[in-house]
Amino acid sequence: LVAEIEKKITEAFEVFDRESNKTVDVREIGCIVRSLGCFPNEAEVQELLAQIEVEEPGGFVHLENFLPVMTKVLLDRRFQPIPEDVILHAFEALDENKCGYITKEDLVKHLTEE
C-alpha cells in the first residue's frame, strides 16, 4: 500500500518538476497536494510546508523531503473533500429564488458583502 501511495505521489510531483531534477517550486505544492485528492486550505498548505524542508534561496522542494510528509497525509486521510450534501446545502442557501443556479452578480455580492 505504501509503495503504491509513494508511486502516486512521485507521479504527481513529476508533473510539476519542469527541470526533471526531483525539485518543484514551493508555490506548486498546493496544486500537487490537491491533484492527489486532498483539499487543504492555504493555511493547511503552509502547515505542510513547515514540515517539509524547503531549499533556500528560491524556495524549491525536493521529492525526497515531500514524499514522507505527503505519504503520511494520504495514509491519515487528511484534507478530505467536503461531502457533496454539505456543498449542496450551501448552494441552496445562496439560491434564494430556488431556481437551480446563482447569478454571477449574486455570487459576487455574497462573497464580498456577506
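The backbone N, Cα and C atoms fix where each Cβ goes, and this holds for glycine too.
The following features are taken from TrEMBL:
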DOMAIN    4-39  domain 'EF-hand'
DOMAIN    82-114  domain 'EF-hand'
Helix-strand-coil residue split for the domain 'EF-hand' (4-39), DSSP-based: 23 helix, 3 strand, 10 coil
Averaged pLDDT, computed only over the residues in the domain 'EF-hand' (82-114): 88
The domain 'EF-hand' (82-114), counted residue by residue under DSSP: helix, strand, coil: 21 helix, 0 strand, 12 coil
